[in-house]
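Noted in Swiss-Prot for the protein shown:
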ACT_SITE  H247  active site, tele-phosphohistidine intermediate
BINDING   T17, G18, S19, T20, K43, I96, T97, E98  CoA binding site
BINDING   Y159  substrate binding site
Amino acid sequence: MSVFIDKNTKVMVQGITGSTALFHTKQMLDYGTKIVAGVTPGKGGQVVEGVPVFNTVEEAKNETGATVSVIYVPAPFAADSILEAADADLDMVICITEHIPVLDMVKVKRYLQGRKTRLVGPNCPGVITADECKIGIMPGYIHKKGHVGVVSRSGTLTYEAVHQLTEEGIGQTTAVGIGGDPVNGTNFIDVLKAFNEDDETKAVVMIGEIGGTAEEEAAEWIKANMTKPVVGFIGGQTAPPGKRMGHAGAIISGGKGTAEEKIKTLNSCGVKTAATPSEIGSTLIEAAKEAGIYESLLTVNK
């Protein structure tokens, strides 16, 4: 099993005729992802990379049966694209776009309340179920099928963690990039719940960063509910207060959201943390050995 997506997931690409979307559509198709439709208003009837283009999400869904959308639409128009996908009742929308205005996302979040559409992102690398379905911008080749779930606020740190696991012979179920913006859709707890309920996932890597309280809330949830080992890493340990570090949400303000605070909370809730990015893989191995599941995680031929 996997979480959120699998080899049967039918995907549409919003903004497919843009150069970034075209590049990544080809990469996703090469990975084996079932991309059945693209959406660009005014470009309906075209075919790009063998994928039919429609004017609206509703039309694309009705014609192809797509249930998931990935958005590469420029920031000023991305919020409207999310709302259009929600209006079409898609199961999930994965928004890659960065620099969406915060107020736009506040409106989107409010609009999605009570609706069935799950939003992942924005400003995220996407979601990948190893060897089955890649939706987003992550490098597919580093991901190998196995039993470790990965959830992260950072794209590049996700790739680093996955690469280390694969090099150690440890495959993954699904890797979910929840995005680095202050207002996003799916959060750590949503993904941890999914991993906790997934029979194939035996351990989890959670990568956070400075800013906000999402990691602390996740730590408390892990302590109360998680039945599988979780290891963590917090980015931004050397960040000065008030200085934004890369992501819009990665800022320490009012003395809250420091790496030190997050690490302390995670450790007190039973989550082992890696001191540096290069130790994420070895920290997972240590936790797996303590839990007696290390051998069962070795699914990749090195």
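From the backbone N, Cα and C atoms, a Cβ is placed for every residue, glycine too.
Because the structure is a prediction, the values reported are computed rather than measured.
Across the structure, the residue listed as 'substrate binding site' and the residue listed as 'active site, tele-phosphohistidine intermediate' are spaced 17 Å apart at their Cα atoms. Put simply, H247 (active site, tele-phosphohistidine intermediate) is 27 Å from T17 (CoA binding site) when counted between their Cα atoms. Proximity to H247 (active site, tele-phosphohistidine intermediate), judged by a C-alpha distance within 10 Å, picks out E98 from the binding-site residues S19, K43, I96, T97, E98. Looking only at other Cβ atoms within 10 Å, the busiest spot among the binding-site residues T17, T20 turns out to be T17.
With the fewest other C-beta atoms within 10 Å around its C-beta, S19 stands out among the binding-site residues S19, E98, Y159.
The local packing around G18 (CoA binding site), expressed as other Cβ atoms within 10 Å of its Cβ over all shown chains, amounts to 16. Every protein chain shown contributes to the tally, and the Cβ of the residue listed as 'active site, tele-phosphohistidine intermediate' ends up with 21 other Cβ atoms within 10 Å.
Largest Cα-Cα distance over the residues recorded as binding CoA, namely T17, G18, S19, T20, K43, I96, T97, E98, equals 24 Å.
Note on K43 (CoA binding site): other Cβ atoms within 10 Å of its Cβ, all shown chains, come to 15. The local packing around I96 (CoA binding site), expressed as other Cβ atoms within 10 Å of its Cβ over all shown chains, amounts to 27. Under the three-state DSSP scheme, T97 (CoA binding site) falls in the coil class.
Within the same chain, residues at least 6 positions away in sequence whose Cβ sits under 8 Å from that of T97 (CoA binding site) are I71, Y72, V73, P74, A75, A78, G121, P122, N123.
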